[in-house]
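K.L.:
Annotation source Swiss-Prot lists active site, nucleophile at C156, citing sequence analysis. What Swiss-Prot records for R21, R123, R124, R176, S177, A178, D179, N187, H217, I218, Y219 is dUMP binding site. The (6R)-5,10-methylene-5,6,7,8-tetrahydrofolate binding site annotation in Swiss-Prot covers H51, D179, A273 and rests on sequence analysis.
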Amino acid sequence: MKQYLDLVKYVLNNGTQKGDRTGTGTKSVFGYQMRFNLAEGFPMVTTKKLHLKSIIHELLWFLKGETNIAYLQQNGVKIWDDWADENGELGPVYGHQWRNWNNEEIDQITELIETLKINPNSRRMLVSAWNPSVLPDTTKSFAENVANAKVALPPCHAFFQFYVSEGKLSCQLYQRSADIFLGVPFNIASYALFTMMIAQVCDLQAGEFIHTFGDAHIYNNHFEQVALQLSREPKPLPKMILNPAVKNIFDFKFEDFKLEGYESHAHIKGAVAV
């Protein structure tokens, strides 16, 4: 997938060395944008194999508004394990903010879809996971922050906006912090899929997914992995098929998604910076 590989090359060639919260160190740039026309195929990185099951279940978990990793673990998804407390709690993370903003019963997803159906020309179709009132105390552990009703980890993909033109729905995501090797391929696929889901339930066609970054970085312990990806020839994009019978965003189940024609190079392991 050219857009992703271009991002990797740009950061390697233009990034500056920076320290970070985890102590790992990064090569980083500030401000970058990728665009994906969803009519050209589903944007799944092919220079390494991605775990689609984790991507789908995480998105469904967000839409449920849940803050406990039990659902993820029941479905074999471990991507949030490192940040949860002993009871599996993460604090009021993404899904909670999407569905019950600041515990004020503001369902941003429901309001978004209602606006898309009633006033698709609105410039107010935004959803935010960034809530300053629940950001963690950096001097405390993940579990201590959760116990204090804070998030274990601040949202990396902070907010997104939808736009309708000529019957096509596009989504722009602002990601304040982006782990290019491990996180970004997941984020691309997740928000592309989310855009397709929203488009279907609003009787629209999927348009573009635009991915805008703040701090986009490659961790120092991922340089070998991204070099390996750059040495591999990208394969054609697959096609994502959604169950056309689903008309409510909250009715989607794992079985309603089918990825056709996904061919990729082998998986590449990389340590998560916690």
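Note that Cβ sites are derived from N, Cα and C of the backbone, with glycine treated the same way.
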K.L.:
Return only the integer: C-alpha distance in Å from R21 (dUMP binding site) to A273 ((6R)-5,10-methylene-5,6,7,8-tetrahydrofolate binding site).
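P.N.:
That comes out at 9 Å between the alpha carbons.
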K.L.:
I need the CA-to-CA distance for C156 (active site, nucleophile) versus S177 (dUMP binding site), whole Å please.
P.N.:
5
K.L.:
Find, for the listed binding-site residues R124, H217, the residue with the lowest Cβ contact count at a 10 Å cut-off, counting only other Cβ atoms.
P.N.:
R124
K.L.:
Can you see whether DSSP assigns S177 (dUMP binding site) to helix, strand or coil?
P.N.:
strand
K.L.:
Count the Cβ atoms, other than its own, that fall within 10 Å of the Cβ of A273 ((6R)-5,10-methylene-5,6,7,8-tetrahydrofolate binding site), considering every protein chain shown.
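P.N.:
A 10 Å sphere around the Cβ of A273 ((6R)-5,10-methylene-5,6,7,8-tetrahydrofolate binding site) contains 20 other Cβ atoms.
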K.L.:
Could you measure the widest C-alpha to C-alpha distance across H51, D179, A273, the residues recorded as binding (6R)-5,10-methylene-5,6,7,8-tetrahydrofolate, and give it to a whole number of angstrom?
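P.N.:
Across H51, D179, A273, the widest Cα separation comes out at 19 Å.
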K.L.:
Between the Cα atoms of H217 (dUMP binding site) and A273 ((6R)-5,10-methylene-5,6,7,8-tetrahydrofolate binding site), what distance do you get, rounded to the nearest Å?
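P.N.:
Checking the Cα atoms of H217 (dUMP binding site) and A273 ((6R)-5,10-methylene-5,6,7,8-tetrahydrofolate binding site) gives a distance of 12 Å.
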K.L.:
Which whole-number value in Å describes the distance between the Cα atoms of S177 (dUMP binding site) and A273 ((6R)-5,10-methylene-5,6,7,8-tetrahydrofolate binding site)?
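P.N.:
Pair distance, Cα basis, whole Å: 13 Å.
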K.L.:
With every protein chain in view, what's the tally of Cβ atoms within 10 Å of the Cβ of Y219 (dUMP binding site), excluding that atom itself?
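P.N.:
The answer is 23 other Cβ atoms.
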K.L.:
For D179 (dUMP binding site) and A273 ((6R)-5,10-methylene-5,6,7,8-tetrahydrofolate binding site), determine the Cα separation and express it in whole Å.
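P.N.:
A273 ((6R)-5,10-methylene-5,6,7,8-tetrahydrofolate binding site) has its Cα 9 Å from the Cα of D179 (dUMP binding site).
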K.L.:
Quick one, of the binding-site residues R21, H51, which Cβ has the fewest other Cβ within 10 Å?
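P.N.:
Least crowded of the binding-site residues R21, H51, by Cβ count within 10 Å, is R21.
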K.L.:
Roughly how many Å separate the Cα of Y219 (dUMP binding site) from that of A273 ((6R)-5,10-methylene-5,6,7,8-tetrahydrofolate binding site), to the nearest whole number?
P.N.:
8
K.L.:
At a 10 Å cut-off from the C-beta of S177 (dUMP binding site), count the other C-beta atoms across all protein chains.
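P.N.:
Taking all protein chains shown, S177 (dUMP binding site) has 20 Cβ neighbours within 10 Å.
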